[in-house]
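Below you'll find the structure, written out as structure tokens, and then a few comments.
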Amino acid sequence: MSTRTSWADLAANSAAENTVAGSSANNGSVGTTSAAPPRSTYVPPHLRNRMPSSDPPAPAYSGPATSNDRPGYGGSRWGAPRNDYRGGRSGGWGNRSGGWVRGREPEVNPFADDDDTEEAFTEQENTGINFDAYEDIPVETSGENVPPPVNTFAEIDLGEALNQNIRRCKYVKPTPVQRHAIPISLGGRDLMACAQTGSGKTAAFCFPIISGIMKMQGQSAQRPPRGARAVYPLALILSPTRELSMQIHEEARKFSYQTGVKVVVAYGGAPINQQLRELERGVDIIVATPGRLVDLLERARVSLQMVKYLALDEADRMLDMGFEPQIRKIVEQNDMPRPGARQTMLFSATFPREIQRLASDFLYNYIFLAVGRVGSSTDLIVQRVEFVHESDKRSHLMDLLHAQRANGVQGRQALTLVFVETKKGADSLEHWLCVNGFPATSIHGDRTQQEREQALRSFRSGNTPILVATDVAARGLDIPHVAHVVNFDFPNDIDDYVHRIGRTGRAGKTGLATAFFNEGNASLARSLADLMQESNQEVPAWLSRYAARSSYGGGRNRRSGGGRFGGRDFRRDSSFSRGSSDYYGGANTSSGHGASGGYGGYGSGMTSAWD
Ligand SMILES: Nc1ncnc2c1ncn2[C@@H]1O[C@H](COP(=O)(O)OP(=O)(O)OP(=O)(O)O)[C@@H](O)[C@H]1O
């Protein structure tokens, strides 16, 4: 048995695959310059198989550490070296780390692999980001004293190190959700934000957290108990799947590069000891799946006592029946500061009303932000629905894939993501595709974590351009070159459909989504037809006929309400009768860019730029 963990494996294989992907794109470039460190050197898991940063060291490294001149991860927000508050445990790390002197660890450059990955795809797609596509999206905010949006990153005081990383990410200007959400969070307000898939929500919650922690650096603050075994993160980001947590961690590492803010990830299916070791090396932001975090809390290895920021990504999923008890345990039954004493941010592309109601338990005097209609899909995705009987689905899929090949899309590594309902169904479709000459892999809950990660890597790199997936891959995953999402089995909830198709058409790029629909899905006909109409898609006549016959199903009716742009913040429902202004202080609506009109008076009344 290999003792290699999923993280080490990830690093090792991504290097190998970049090479393959690079050559398969015929650009002749080798995808990595990484080399394994000598065996005798202890290297934390996420640093393995990588060389220390080739960037010039941050100024903070160049001088002696003081509370205001923080080295990489060695300084501390408490104005003293971290060793101070980690008591007896910390002494061992200097020895343990071999050549990596504590407090002077070279920080791995998380941007190092970016260009290699892109090179594999440059011939196929290099359209750049077209955020103009989002400019006229209606934006609605409600709540008291809503801070005004910004138009540029330069207008926001995020700190130079973070600004530098934003430039490294090639983010030229903020997306609409970022323009609104970042000032709200920097203003210290709780936030429930709903914005379309692929519109940059991750950065919208990461930037204020990182910036806030940077500002805390060097400030004196409450110290954790001396000799405590637990670690005391300042921020907690929860997400529903392991792969999404890994992805958020990767993103957050980029955003926090050379800021002195350390991000650690903890998720199930991977060895906990390795994650514990990583946590012990210092953590400011912990990104976690709920199950693994509960485990860490029960072992008293993580304390949430110092948490200043709590972010729930895919918040509606985190608060639905499956996850809610765990989330309540983490947030309400541990030592996390209460709403008001911490800052809470909830983000998703969908937010059913009853989940909004539930979520309000976690929030204090919050602002509700909706970019686009709650639960709508982006116009960037061309949606097609085809009536296909169960027995014809495979041959129909084959036709689609052949057509793609004939158009040259497949040959140029465009990626196709095929969603099915069951794990068995995923295995069998994967097998059938492979047998029929279409390289496919699969991701679902019955596969080991290593297999799941391997499947994603292989898909991402273009080595296996078809991924058959259950809903485990439906939310949040940002795989840049997915050109086509096929709903082979239609989901049971229209919100799941929104998230699934949202794996394409991201960051201003266009995408295609094809759904197979038959009598078995009739209860969702109306929801689907409405959704398609809202996103300016052509609704086939047969679907309209189904829709006319059916009532709302699968969640659509939970979301819609009021006029076209109204009734999205559940606090505005007439049925919500707390009748007090501390719940709802007013609403603003504006277009994505022409926001000034709506924000002249902070949070008073309601204006509309469209009606
Ligand atoms: N300001 C920006 N400029 C350019 N690209 C951006 C910007 N903000 C985010 N992106 C890119 O857009 C893509 C989508 O972002 P992200 O994954 O955060 O979307 P999301 O809204 O969280 O989607 P989902 O609802 O599917 O989780 C990412 O590749 C990200 O790097």
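Yeah, the Cβs are placed from backbone N, Cα and C, and that goes for glycine too.
TrEMBL: automatically predicted annotations, no manual curation.
Per TrEMBL, the listed range annotated as motif 'Q motif' is 151-179 (candidates: 151-179, 267-295, 325-353, 528-556). Within the model, the motif 'Q motif' (151-179) carries an average pLDDT of 95.
The helix, strand and coil residue counts that DSSP assigns across the motif 'Q motif' (151-179) are 16 helix, 0 strand, 13 coil.
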